[in-house]
Amino acid sequence: MIEVLLVTICLAAFPYQGSSIILESGNVNDYEVIYPRKVTALPKGAVQPKYEDAMQYELKVNGEPVVLHLEKNKGLFSKDYSETHYSPDGRKITTNPPVEDHCYYHGRIENDADSTASISACNGLKGHFKLQGETYLIEPLKLSDSEAHAVFKFENVEKEDEAPKMCGVTQNWESYEPIKKASQSNLTPEHQRYIELFLVVDHGMFMKYNGNSDKIRRRIHQMVNIMKEAYRYLYIDIALTGVEIWSNKDMINVQPAAPQTLDSFGEWRKTDLLNRKSHDNAQLLTSTDFKDQTIGLAYWGSMCDPKRSTAVIEDHSETDLLVAVTMAHELGHNLGIRHDTGSCSCGGYSCIMAPVISHDIAKYFSDCSYIQCWDFIMKDNPQCILNKQLRTDTVSTPVSGKNFGAGEECDCGTPGNPCCDAVTCKLRPGAQCAEGLCCDQCRFMKEGTVCRRARGDDMDDYCNGISAGCPRNPFHA
């Protein structure tokens, strides 16, 4: 039986309203100071890990109580995750740091079917969540009261530069074909693809963060956490397989002309990086201010190509979410997705593949993106993304795909997993499920709960009350 342990983080239950403050996410004009309360569900006698597989926080937003449900982002790192930096004399130093008990989560707000959350719990709560259609950011305050957090609407972050920022991909870069309805749009989990992503940080970005590699790593991990959330609606799973920081000097000529930088980075990946580290796609993060308001550039329809499965990204904002959306956008081009047009829809929200970054944060791919991505995958069949990467958060080696091994009922996780026993790979007493869009606190969500919002003129998908998966609506167009 699962016991619920209430841990009161702070006795203060009321928010404090502030007018202006400088935070890691930027200058914020209007914010609340809040004190989250943590509610932890752990099985009786279980050893509590540093970061639990599932957590709940009670907090106040606009003075109203909300409950934030969080689940650890399993598979965020590949089994062979590595980090590389360079010594002052130019020697390459590569390590395989332990990342099993990481602190990155996805989640939702209780009683808000359209809510999402992407949170780092490494040092307090830092990230974003969507509540009643509005995007909020949360981060710890550096005060003597260490449990205080600031929560604020994304729209209250001062814009660092009012000039429009855009993707450098144009029709000259794309292989244009008219958008059409794909016959394979009715996808199932068996179609899932897996991308092992490698990220490179240039020397300028290393210096921008004062040589603080830990801060850079935390930023990168949270941005990939956000990317992974966005791509799950395309049935694509992303795992970070490596980070390389050019701590001594740049390994290529990083210049304001994005096309030249992308070409150089692609050559370096093909002749150097791929010879020492297997991965599917690589992105270069740079502090360089690209010309013509460009903040990212990628080759179109190039996934798995040794040189062209690459992108370059300008670290253009202090807000993790904005840079993560740019990374997701450029990866989309590698997957054959073009810029959205007026006929594309994200259910009333801004779309990730818009050619110009919007002041309304984009969190979703459009109906057009969904069709184009799977048109590319089915026609070009990029082989490198067929294999499921080994995860770091398992006790025993996980089986490939969605099927479990003989006698297994769930994917083995950490010992603190409240739903799945990490030793036996069986559901714990009282648990119906361990993961899935229709699994909440180890139980199937009730029939009729929206598990996947519609894109464009399509229809919502609903839980059926008897399984953890999110079945496709049979009335989809």
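Keep in mind that glycine also has a Cβ here, set from the backbone N, Cα and C atoms.
Annotated signal peptide per Swiss-Prot: 1-20, in sequence order.
Marked as domain 'Peptidase M12B' by Swiss-Prot on the basis of sequence analysis: 193-389.
The Ca(2+) binding site annotation in Swiss-Prot covers GLU196, ASP280, CYS384, ASN387. A coil conformation is recorded for ASN387 (Ca(2+) binding site) in the three-state DSSP classification, outside any helix or strand.
A 10 Å cutoff on Cβ-Cβ distances gives CYS384 (Ca(2+) binding site) a total of 18 other Cβ atoms nearby, all chains included. The disulfide bond annotation in Swiss-Prot covers CYS304-CYS384 (among others).
As annotated by Swiss-Prot, Zn(2+) binding site applies to HIS329, HIS333, HIS339. Secondary structure at HIS333 (Zn(2+) binding site), as computed by DSSP, is helix.
Long-range neighbours of GLU330 (active site) (same chain, six or more residues apart, CB within less than 8 Å of its CB): CYS167, VAL169, GLN283, GLY296, LEU297, ALA298, ALA311, VAL312, ILE313. Annotation comment: Swiss-Prot describes GLU330 as active site, evidence class sequence analysis.
Taken from Swiss-Prot, the feature disulfide bond applies to CYS344-CYS368 (among others). Following the DSSP three-state reduction, the secondary structure of CYS344 (disulfide bond) is coil.
Residues or ranges marked as disulfide bond in Swiss-Prot: CYS346-CYS351 (among others). For the recorded site, CYS351 (disulfide bond), the DSSP three-state label reads strand.
Look at Swiss-Prot and you will find 396-477 tagged as domain 'Disintegrin'.
Positions annotated as disulfide bond by Swiss-Prot, on the basis of similarity to another entry: CYS410-CYS425 (among others). Under the DSSP three-state reduction, CYS410 (disulfide bond) is assigned to coil, being neither helix nor strand. A 10 Å cutoff on Cβ-Cβ distances gives CYS410 (disulfide bond) a total of 23 other Cβ atoms nearby, all chains included.
In the three-state DSSP scheme, CYS420 (disulfide bond) is classed as strand. Annotation source Swiss-Prot lists disulfide bond at CYS412-CYS420 (among others), citing similarity to another entry.
Annotation comment: Swiss-Prot describes CYS419-CYS442 (among others) as disulfide bond.
The disulfide bond feature in Swiss-Prot is assigned to CYS433-CYS439 (among others); the stated evidence is similarity to another entry. Using a 10 Å radius centred on the Cβ of CYS433 (disulfide bond) and all shown protein chains, the other Cβ atoms total 21.
Around CYS463 (disulfide bond), the C-beta neighbours below 8 angstroms that are at least 6 residues distant in the chain are LEU437, CYS438, PHE444, MET445, LYS446, GLU447, GLY448, THR449, VAL450, CYS451, CYS470, PRO471. DSSP assigns CYS463 (disulfide bond) to coil in the three-state reduction, placing it in neither a helix nor a strand. Marked as disulfide bond by Swiss-Prot: CYS438-CYS463 (among others).
The Cβ of CYS470 (disulfide bond) has 21 neighbouring Cβ atoms from other residues within 10 Å, across all protein chains displayed. Annotated disulfide bond per Swiss-Prot: CYS451-CYS470 (among others), in sequence order, evidence recorded as similarity to another entry.
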Cβ atoms near CYS438 (disulfide bond) (within 10 Å, other residues, all chains): 24
Proximal but sequence-remote residues of the same chain as CYS439 (disulfide bond) (Cβ under 8 Å, at least 6 apart): CYS419, GLN432, CYS433, MET445, ALA468
Fewest-neighbour residue among disulfide-bonded residues, criterion Cβ within 10 Å, set CYS304, CYS346, CYS420, CYS442: CYS304
CB contacts for HIS329 (Zn(2+) binding site) [other CB atoms within 10 A, all chains]: 29
